[in-house]
Amino acid sequence: MVEKMKELVESWSFLDAAESNFRPLVVIELAKGTKEETIEWFTKRIVDKKANGGAQLLIKPLVTENGVENIYLVGASHLRLLLGAETVGLVKECSDNSMRTFTYSSRKTFKHFADDNHNFLTMAECQYIIKHELENLRAKNEKMIPGYPQAKLYPGKSIVRRLLTSGILVQIFPLHDREELKKLSHSWYGRVKVGYQPLDDIRCYFGETIALYFGFLEYFTFALIPMAVIGIPYYVFAWEDYDKYVMFATFNLLWSTVILEVWKRMCAILTYRWGTLLMKRQFEEPRPGFHGVLGINPVTGREEPVYSSIKRQLRIYLVSLPFVCLCLYFSLYVMMIYFDLEQWALDYDKENESVFSSLMLYVPSIIYAVVIEIMNRIYRYAAEFLTSWENHRLESSYQNHLILKVLVFNFLNCFASLFYIAFVLFDMKLLRQSLATLLITSQILNQFAESLLPYWLQKRYNRRMKKRMCSKKTDMDLSLAEQVNMEKEMGTYLGTFDDYLELFLQFGYVSLFSCVYPLAAVFAVLNNITEIYSDALKMCRVYKRPFAEPTASIGVWQLAFETMSVISVVTNCILIGMSPEVDALFPDSKMDLVLTVALVEHLLLAIKFIMAFVIPDKPRDIQMKLAKLEFESLEALKQQQMKLAAESLKE
């Protein structure tokens, strides 16, 4: 098999010049026992010229002491990567400090470009380009994958996606750069320091989506500091005096509105600097799990599966929606069991009045917090299965429906008990106790489940691998084969969904009820500081390197946080209206109190939406740069049309 691959590589004459400088960027792992004709066909398609429907990339088998293990390394020549950068629409900085879409013809106008500078494109950008080219390998006249008659193909079908769904292709992942990762680790989490994260370095190594998450995490942590600073003296001097939470709740209202508007501007600054604010959205292909009857896409004209939207809607409204409602009902049922346990703990404390009985008061809340986390995780798997079964064509549609399902359940599961205590039981002392227990317990469980446990398991695995592979070596430097074998067994990072969800729930705890428990923001800040370090450790040491994904914002999560902010306005207005000092202003008519609270709530919501309208999402200098680029592109298009018209007149 190795000999065949060598002969095949030698036959790729158009890439011979680049073979000596082969730089492995991406790893392809095929299933054990994959047929030789399949491997030959797939590798031939990868190296074929673009004109012949290939990707025109470089590929080499990974040869180990055991021979070839169906693992292949993919790279590309410098020229191929530059042309790929133009294809995917990467935006780079020009010599005049403006940001423009990269084109090969105008490459000399870009800052730091030189024909011999192979670092003009970051490694993450190179890996993104290769991923794009591999995903756009499409079947031509093949009716099936050679060697696997059951794996059907049709013209225009993504070959990589078919190989993945057929189980022939196990995984594709980008390689770590050990030296760059070591430098990044040292500057990011290698030492405890007070300062900003190296977001530009994170973006260069992991891409914009992950860098933007860490940017939001850092920004949100700093935004929590004013709430924490006010909360500490508030906790110390007014612990049992609930009359005084009116001012804290009022500040909470303004804070939750302002920080989200300021983040939009911060996000625009970051994404403009990184070039993704200017990137044009790529045409979205059907997601790998989408299936249906073969038909013609009216937009692309290609053959692809077609699935009735009516069938999808029936699945959503007749199956998914009732299931979600049933889960919500079960969550409320568990909540009522929790309140029975709370009543039992109170009765037990009244009977015994001991230190042990006082500690028992916290046990129901701790148990409930653990049950909430377990239910959230189980429901997540069910939501993923249902959303996949709904058969959404696009990945964005799949993600939106999944996020909606998960957010609705998590919101009710985490906050229903707090709403019940605050607005049904009117027990502020129990509300404070429950909020503190739920917040702290969930933070401890998340840190353990998402960072500490995976890190410990990965460290154990790495230790075993190093003993097995490096027992005869004097140093611990890994060869390429050892590095690939170690990384392919690492966990796969599934995206920022869970990380944003954790921040969303934390934002809810702080913005909805923190006026009752002022230390909520303090614990949130402490958690986020450790979260930055643990997430950084997780990205660098626990998981395989994820492919970079360009993005211009945090997407649907911005809307989720803004929705939570609106709910917090309503919640805090009602809490203010329930305070004894406000209640004393309306001794005769409770209806007047209700109407006044409703009026104030509507005014605050109006102010919130006015602020959102008045505060620009992008700073003025960025607005001007974007307008200038749009004007120049329109002028260039106009000149091109005039040139074509002049040439046609000459003829």
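Glycine is no exception: its Cβ is also placed from the backbone N, Cα and C atoms.
What you are looking at is a predicted structure, and each value in this text was computed from that prediction instead of being measured.
Feature list (source: TrEMBL):
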DOMAIN    202-628  domain 'Anoctamin transmembrane'
TRANSMEM  219-239  transmembrane segment
TRANSMEM  245-263  transmembrane segment
TRANSMEM  316-339  transmembrane segment
TRANSMEM  359-379  transmembrane segment
TRANSMEM  402-423  transmembrane segment
TRANSMEM  435-457  transmembrane segment
TRANSMEM  503-526  transmembrane segment
TRANSMEM  593-615  transmembrane segment
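The transmembrane segment (503-526) makes no contact with the transmembrane segment (359-379), as judged by fewer than three Cβ pairs under 8 Å among residues 6 or more apart in sequence. Most Cβ pairs under 8 Å with the transmembrane segment (219-239) belong to 245-263, among the candidate stretches 245-263, 402-423, 593-615.
Between the transmembrane segment (402-423) and the stretches 245-263, 316-339, 359-379, 435-457, 593-615, the greatest number of Cβ pairs separated by less than 8 Å involves 316-339.
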